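Presented below is the structure to which this report refers.
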Amino acid sequence: MAHHETRVIDDATPPGDVPDQQPRQDGEATETLTVAALLAEPLLRNTLVAGSSGTTRAVRWCLPLSELPGTSDNEGTMVHAPARSLRAEAGPETVRRAKAAGAVALLIQIESSDSGPPSALRLSFPEARAAADAVELPLALLPPSADYRTVSQLVATKVLAQSTHVLQYRDRVHRGLGEILARAAGLQALTYGMARMGRTPVLVVDLDGSLLAYESVNSTKKPPAGPLVGALVDHLAALSTTSVPVDPAVLGPVGEGDDEVMLIASPVTFGGVITGIAAALDTVDADPHDHAQRRVIAHEGAVLLGSEMLRIRSITEAEERIRGDFIVELVHGRFSDGQQLQARARHHGFDVDANYVVYVAELDSPTTDHAGAMHRLSAAARAVERLLPDAHLPLLTTQIGGNLVTVCPVAEDAAPARTQETADGIRRVLHELLGSDSRVAFGRHGVGAGGVAASYREARTALGLGRRIEVGSVVGYEDLRIFVAVRELAHSESARQFAAEVLEPLRKADGNVCSLETVVLAYIAESGNLNAAARRLRLHRNTTLYKLKRASRVLHMDIREADSQFMVWLAHHIDMLMRVNETLDAELAPPP
């Protein structure tokens, strides 16, 4: 598929030109009164003598030439001037001054002596006409009866009539969509109401890129949603968080062939915070009137969609909090009442007789309390819950202490490779959505609530040990078989005394460069190879040898012997497991 670059387009840009600026924020979301439309009025008809290429510009007001220097904002202003301002050398200067001030047209009231047929008037004031053509400023020669009062009244009437029409249409759209919102019919019904009013498909995308609604009337074809959502997500990422745009932006073209469309996109906000984006589809060569109406619909619809999305988000967050509380009590083993467990388990789709395994994911970049970070983590949790669409029971995911905890159902005869694949999938989803690497640990399978609590403790143990030893980013409790073997031993008082007797002398005799415990463990890890241990520690060989001899004196045994090395190795592993267990015991202890 060919790639189409999505551009933000300013409606004032002539066809074929690529704009080099952001969408205007001055209310151009509606149809505007142009110079050409005003020159078609009976009073001004057939008066244009130069600058015809500038007649597509919008008109806002009319001022006399004498007031132009004293006005700061002259953008979109038609300037009315007497004929003497164009005579001889004053003509080009008047044209250039009006153009520099922001005027969109120069209307000259000729005198009776200048009157003549249109063919003769087109030859008048040649210097001024040449200057007007050069700067693309429409120059019109009005009859003597077209004084400033008459012309300004015409311009004001047309501009205000257009503004009134737009306001009436906005009010009609807002009231129609407001009635749908008041009925609490939902996001899809509100989106369908927008599509029906605009006679075009409308889609709504959440802040995390999820398609919330895509509606159209029956007779309207809907292009594939994928490219449209991608363009809206890119536009959301480019929006400033400090200055939310007021008017919709036109994005496109998106798609190809018969599916090529423009997107009239308006950010959905609530309380000044962007929560999503709504877009009405438009054809590349859309009628200006239809295009203006769809801009109004996109803008007004986005305002009401913000209220509906806030309601939906409040419900979703409440459900997530309830589910999170259930998971916290489940993994901490706090369900002492079987009936209470059964009732809450049914609500959350938890089978008390099924097999489960618990995954704990720790992000490399700790999660902050910032609202945006919490929202992204919640979106990642929802994505993890959709990781296994074929699972016979739902995945339960929540955040506990900055970690993402997932309670995943597994078949009784599930292969270990399947559990590993799920852990890899969780890590991949977190990387894609959060842009951060993570460490994922998981426990062994267990049945019901008791099995979940045991699996969670094993996963946390594996995660804690993984920080202290060299393991991969995904690790299971059974992968740490040595620690599994000494688990019961680590809980005994004799093991604690043994670890203290072996390690405390090394820790008390620490050196300034590298601790004796670190040197001995590196020497053991390299199977007693002195040179390899020195390279591992980045120390000189003689320094390493000196520290090993010192460790032997402190321990009252030769560290080069296998039995001595095994004692230090075992004491170190028992000590690590005890530290992890102490942390977990403090966290998992029932509340007082």
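In case you wondered, yes, glycine gets a Cβ from its N, Cα and C as well.
The feature region 'Disordered' is assigned by TrEMBL to 1-28.
Under the heading compositional bias 'Basic and acidic residues', TrEMBL lists 1-10.
In the predicted structure, the domain 'CdaR GGDEF-like' (333-463) carries a mean pLDDT of 86. According to TrEMBL, the domain 'CdaR GGDEF-like' annotation covers 333-463.
Residues or ranges marked as domain 'PucR C-terminal helix-turn-helix' by TrEMBL: 520-573.
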Secondary structure composition of the domain 'PucR C-terminal helix-turn-helix' (520-573) [DSSP: H/G/I, E/B, coil]: 41 helix, 0 strand, 13 coil
DSSP helix/strand/coil residue counts for the domain 'CdaR GGDEF-like' (333-463): 61 helix, 29 strand, 41 coil
